[in-house]
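Colleague: One structure, pasted below without further comment.
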Amino acid sequence: MAVVLPIPEYAENGPKELDAGSLFVLKSRGSWLHCGYHLTTAIVAPALLSLPFAFTLLGWIGGMICLSMAALVTFYSYNLLSLVLEHHAMLGKRQLRFRDMARDILGPGWGRYFVGPLQLGLCYGAVVASTLLGGQSLKFIYLLSRPNGSMQLYQFIIICGGLTLVMAQLPSFHSLRHINLVSLILCLIYCACTTAGSIHIGHSNEAPERDYSITGVGINRIFGIFNAISIIATTYGNGIIPEIQATIAPPTTGKMLKGLLLCYSVVISTFFSVAISGYWAFGNQAQPSVLQNFMLDRMPLLPKWFLLITYIFTFVQVSAVSLTYLQPTNVVLEKRFSDPKKGEFSIRNVVPRLISRSLSVIIATTLAAMLPFFGDIMALFGAFGCIPLDFILPMVFYNVTFKPSRKSIIFWGNTIIALVSTVLSLIGAVASVRQMVLDAKTYRLFANM
């Protein structure tokens, strides 16, 4: 049974007027703490383990500058989005989705044909990538106990997908608040383990000879720099800020900023510790996931129990990431197949929800198993998706909504960030496509990578 909330923010589009996707999935019942949990899970994911590798393409100075600038710009960008959302809420028209913002601020075509599909593709791609990462973590756990085991990567991906299939039936984004609290704790633990492991190996006899020279020469080095920028931008990416803010109980004023402060206290402590320790320990030999450096010729450089804890926590946390990025897809499915006039847990709505969400997870799991080289594809998604959604559109939304003076610092600051990000997005996309072409010889469906 839908509960009508007599809140001023809902004066024009109250629960009775919401579609089933917004009404059931994006329930507005959370606190700023819950918002912080969701934000942290959406940003602090195992993809951050690739930051030492990004440093191999940028070096110490370039890596630290890019990592710091991305932190500042994304925090600023997400706060701008929050301010725009709060402004429209106070006017009586609360926006619950990214496409709603684009529709109301830029026009209906932008929401329907650009922002909506872009966000949906990016978030579903993140689900596929998370399922793949989860399967790889399970495979590493398996190889630690059975170094000569015969199980293939796709089998572990299916196991990971099975767990996501069960958890995906949680009805709303707000239902994930406790899972995402656990996710926050786990990401702190496995990042601490990764940092400690890197420092230990760096001081041990097995430490590789460290070389901090930037890899690549000529055009390869230039494209490598833009690939690294795309990696860092994607790592900080969060294409679901409006959906996360939608979970906050009205009034929302000031709550998102508190959630962002909680999130970025975790972001700064984890991103910088993993990036600095990993690059310090392994130099330009850092692998796409720094955990790969913890094994040498399939022999662990750290105690097995320590690696097991790190991989298990990574696997569990990446499952929470999958659930978080499934929410925009769930909104679309609920809107299409559920009836907002019926109860959320009525047979009329439960059966379509079970079938549609199960099919969504099965398709994502199949894609992850078929395309174990999905990291290259996600780099392209990052250039085309993360940068527009997180670095460009927030600046445009703010300038169009609040119309700051063209002589003001904030107008030109937003404009410069948007223009520079547009250039980086285009060059990053070219660099990502080039890298996919170079790696094409290793592509094989259901490869045991």
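Along the chain as shown, the residues are counted starting at 1.
Cβ atoms are placed via backbone N, Cα and C, with glycine included.
Just lifted these from TrEMBL, have a look:
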- 29-437: domain 'Amino acid transporter transmembrane' (DOMAIN)
- 37-61: transmembrane segment (TRANSMEM)
- 67-89: transmembrane segment (TRANSMEM)
- 110-133: transmembrane segment (TRANSMEM)
- 153-170: transmembrane segment (TRANSMEM)
- 182-202: transmembrane segment (TRANSMEM)
- 222-241: transmembrane segment (TRANSMEM)
- 261-282: transmembrane segment (TRANSMEM)
- 302-326: transmembrane segment (TRANSMEM)
- 354-371: transmembrane segment (TRANSMEM)
- 377-397: transmembrane segment (TRANSMEM)
- 409-431: transmembrane segment (TRANSMEM)
Colleague: Ranking 153-170, 182-202, 222-241, 409-431 by Cβ pairs under 8 Å to the transmembrane segment (67-89), which is first?
Modeller: 222-241
Colleague: Cβ under 8 Å, sequence separation of at least 6 from the ends of the transmembrane segment (377-397): give me the contacting residues as numbers and ranges.
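Modeller: For the transmembrane segment (377-397), the nonlocal Cβ contacts are 73-74, 77-78, 80-81, 84, 98, 101-102, 105-106, 115, 118-119, 121-122, 125-126, 129, 227, 230-231, 233-234, 236-239, 371, 414-415, 417-418, 421-422, 424-426, 428-429, 431-433, 435-436.
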Colleague: Go through 37-61, 110-133, 153-170, 182-202, 354-371 and flag the stretch with the largest number of C-beta pairs under 8 Å relative to the transmembrane segment (222-241).
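Modeller: Ranked by Cβ pairs under 8 Å, first place goes to 37-61.
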Colleague: Go through the chain and flag residues at least 6 beyond the ends of the transmembrane segment (37-61) whose CB is under 8 A from any CB in it; none is fine as an answer.
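Modeller: Contacts with the transmembrane segment (37-61): 30, 67, 78, 129-130, 133, 137, 173, 176-177, 180-181, 183-184, 187, 190-191, 194, 198, 212-216, 221, 224-225, 227-229, 231-232, 234-238, 240, 244, 247, 259-260, 262-263, 266-267, 270-271, 274-275, 277-279, 282-291, 314, 317-318, 320-321, 324-325.
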Colleague: Same chain only, please: residues at least 6 beyond the ends of the transmembrane segment (302-326) with a C-beta under 8 Å from a C-beta of the stretch. Say none if there are none.
Modeller: 38, 41-42, 45-46, 49, 123-124, 126-127, 130-131, 133-134, 137-138, 140-141, 144-145, 160, 163-164, 167-168, 170, 173, 176, 179-180, 182-183, 186-187, 189-190, 193-194, 197, 200-201, 240, 291, 294, 357, 360-361, 364
Colleague: What stretch in 110-133, 153-170, 182-202 has the biggest tally of Cβ pairs under 8 Å against the transmembrane segment (354-371)?
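Modeller: Counting Cβ pairs under 8 Å, the winner is 153-170.
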Colleague: Is it the case that the transmembrane segment (153-170) and the transmembrane segment (182-202) touch, counting contact as three or more CB pairs under 8 Å in which the residues of each pair are 6 or more positions apart?
Modeller: no
